């Protein structure tokens with residue numbers, strides 16, 4: 001503290017009239033100290049290692065039990081020029097760039113477009129990877145929620161929010177609340193360390209802001225002895241997360257649609273109630289209004305409430321996505337998480353457009369789901385390879401084609417339960 005006198009000025013962290021010397025009278029074992037936060041770094045690294053072991057040895061058997069299967073991907077043919085362009089730009093080439101690639105690679109435009117689609121498909125995270133991330137988060141959120149509830153349910157501030165500020169800042173800290181804080185801080189630190197290698201979704205920037213705001217919020221509230229209100233904030237957030245992650249897990253599996261939908265509806269209700277009703281009306285109202293009954297505003301008071309407002313802004317953003325998903329669910333069109341990665345969403349839209357442009361409703365046909373996972377075939381650009389004819393003869397079906405080709409012939413096609421490919425027979 002002596003090395004950074006300006007950072008640790010009492011005006012920033014403590015109410016007017018309270019000094020660090022006054023806080024030291026509580027004893028080292030009963031008061032939060034800034035140096036205690038250093039343990040969060042090894043805990044974050046420990047969570048990274050534990051998560052690696054969990055996703056390697058625990059998540060795969062769980063995924064097999066739920067029927068999680070990865071799509072078969074057609075590997076892009078080796079092409080040094082196209083690979084170099086893809087690594088440097090991570091996007092489709094423009095028309096001028098396409099002409100240059102056609103000359104250098106001696107390929108047609110259709111072949112190059114197909115190559116880029118296949119190459120992007122290789123970079124997409126598999127279902128087992130997504131399942132492992134969801135399972136790990138569910139394991140932690142469930143453990144944290146149960147542990148947090150058990151150490152808070154008998155506390156007076158759990159039932160009466162005014163107790164959060166009684167005798168503040170001279171409030172002794174229990175060891176259970178200390179570990180509750182450190183484990184949550186270490187967990188969010190591990191999420192921030194791995195965010196660049198985790199599944200990248202459309203709300204990537206919002207996730208970064210959320211993790212940073214949470215870490216600052218936990219760190220500051222611990223140093224300023226906002227322990228009581230801080231534990232309530234953590235418990236409130238974990239209450240809805242324990243339903244979101246298992247909903248994702250069932251969504252990645254096969255044959256669990258009803259369980260996924262039930263959990264999603266429960267999550268949506270709890271999220272909207274806790275984040276848009278309880279959080280602003282109880283938590284923020286407590287920190288903004290009720291705290292003023294005990295002390296006058298100071299710098300830490302404003303900083304803490306600004307961080308809570310940032311979280312509330314993120315709650316509103318995610319609530320908008322959830323309500324959009326609820327609308328699609330009621331319409332019967334909900335097939336995936338609204339936060340799915342953008343590339344996947346764009347490619348699916350392209351395939352849908354390809355089918356709509358080539359409708360031919362005059363063909364009499366019927367279709368059925370392919371129950372054999374070994375027939376999983378992922379074709380790009382509507383190309384039917386010769387090997388498909390052999391597979392069709394071996395498994396006694398007329399033809400096996402990709403979704404885009406099938407939609408051109410039969411726009412009412414039903415997707416297979418295992419993949420987006422379709423087994424079809426012409427009458």
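Glycine residues also receive a Cβ, built from the backbone N, Cα and C atoms like all the rest.
Heads up, TrEMBL stuff is auto-annotated, nobody curated it.
Of the listed segments 117-137, 138-158, 201-221, TrEMBL assigns transmembrane segment to 138-158.
Among the residue ranges 263-281, 282-300, 339-357, 358-376, the one that TrEMBL annotates as transmembrane segment is 263-281. Ranges compared are 78-97, 178-197, 238-257, and TrEMBL records transmembrane segment for 178-197.
Looking at 301-323, 393-415, the range annotated in TrEMBL as transmembrane segment turns out to be 301-323. If you take every residue in the domain 'TLC' (129-331) and average the pLDDT, you get 92. Counting only same-chain residues 6+ beyond the ends of the transmembrane segment (138-158), those with a CB under 8 A from a CB of the stretch are 47, 54, 164, 174, 176-177, 180, 183-184, 187, 228-229, 231-232, 234-235, 238-239, 241-242, 245-246, 249. As a summary of secondary structure, the domain 'Homeobox' (69-126) carries 36 helix, 0 strand, 22 coil according to DSSP.
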